[in-house]
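Q: One structure, as structure tokens, below. Some questions next.
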Amino acid sequence: MKVSDQLLNRITAGLVAVIIGFSSSIALIYQVVITLGGTPDLVASWILMLGLVMGTTSIGLSYYYKVPVLIAWSTTGAALLISSAQGYNLNEAIGAFMLSALLVFLSGVTGWFEKIMNRIPSELACAMLAGVLVTFGIDVFNFMNDMPLVIGLMVVMYFIGKRFFARFAMLSVLIIGVLLAWQMGHIDTSALHWKMSEFAYIEPVFHLQACISIGLPLYIVTMTSQNLPGIAVLKAHKYKAPISATLNVTGFVNIFTAPFGVYSINLAAITAAICMSDEADKNHDKRYWASIAAGAFYILMALCAATLVGLVASLPQALILALAGIALFGTIANSLQQALSSTKYTEAAIVTFLVTASNLTLLSVGSAFWGIIAGVLTLLITQKD
């Protein structure tokens, strides 16, 4: 493969990961800020700091460990905050964010989370990953109800690309999807305008009830629904995950950037899988450059936060989610194959996959956590030795 081809693949994977990660949950962050009494300008300020932090930590960790470590904001954490943060103000919420970040940091320092993860069979980690991602694959075809021609041709282009120009398959899908959506009037950029974002410091207030109602649930959700799948992605792709080091870095940085809107950052899972795919680089040991590219795009996104908030809002949600699902076809297939590769873990892997895919939520904890728990319990019951 030519050096130019490798570079383009890495850049494309990083760009797709950032577009999907940014666009799929920006509405949640917007709603969190509004719920806490903020303004649209404050949303752009939060995106500015989040993008800078995610970009620099992704680049630093990926380059240092030579592993595709992609850091993202907590999507499930944002969804949780929309309900749990009601009745509290911005200052109290910031104090709770700092508590959550401190707990993440302590989890890394003590190493307890890494010890638990290292005892989970890779087959169960792969099954959980497949369960998390399968919904995105199914949604590709569900969203054909909204944009049948656009998404249908995107799927066709993907398989044509895989057959004839595999290295550029996702780039071709991205281009044809955007061009078709534009041509058919699905993209409205009339309200777009250039505007610089500014940092906004919010004084933290450590309110006991807010720390209990916001901080503790945010920590639990971030660890179980974000970091746990993120580690599973790394393990499923045969990478030695720097678990404790990542928790140390993200927790420590999060503590000091929370007053600027970094409510919670963690290992990415779905978007990270894009940077670890064969399409990112055929060389397994060089795929960390795709995460570095994603980090660079996060920084660019941050610098243009106010404008990009409007730009992404102009793209159809169906197009964004279909792009995510198509980009994950290969990862879903590989995860299922690895999950079922050993007869010793077949039943436990199937249970893990089904529970995770079910979107089960108990005690405000998502299905990824319960999938692993169910899989481990099944393994303990069924194993003979």
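Here the Cβ of each residue, glycine as well, is placed from N, Cα and C on the backbone.
Automatic, uncurated: that is what TrEMBL annotation is.
Annotation comment: TrEMBL describes 12-37, 43-63, 94-113, 125-144, 164-187, 199-220, 252-276, 288-312, 318-336, 348-381 as transmembrane segment.
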Q: Mind checking which residues of the chain, 6+ beyond the ends of the transmembrane segment (288-312), have their Cβ under 8 Å from one of its Cβ atoms?
A: 9-11, 13-15, 17-19, 22-23, 26, 30, 41, 43-45, 47-52, 54-59, 62-63, 65-71, 189, 191-197, 271-272, 274-276, 280-281, 320
Q: Relative to the transmembrane segment (164-187), which of 12-37, 252-276, 318-336, 348-381 accounts for the most Cβ pairs at distances under 8 Å?
A: 318-336
Q: For the transmembrane segment (252-276) and the transmembrane segment (348-381), check the count of CB pairs under 8 Å (sequence separation 6 or more) and say whether it reaches 3 or more.
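A: No, since the transmembrane segment (252-276) and the transmembrane segment (348-381) share fewer than 3 Cβ pairs closer than 8 Å, they do not count as touching.
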Q: Six or more residues beyond either end and a Cβ under 8 Å away: which residues meet both conditions relative to the transmembrane segment (348-381)?
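A: Contacts of the transmembrane segment (348-381) (Cβ under 8 Å, skipping residues fewer than 6 from its ends): 76, 80, 120-121, 123-128, 130-132, 134-135, 217, 220-221, 224-225, 228-229, 232, 336, 339-340.
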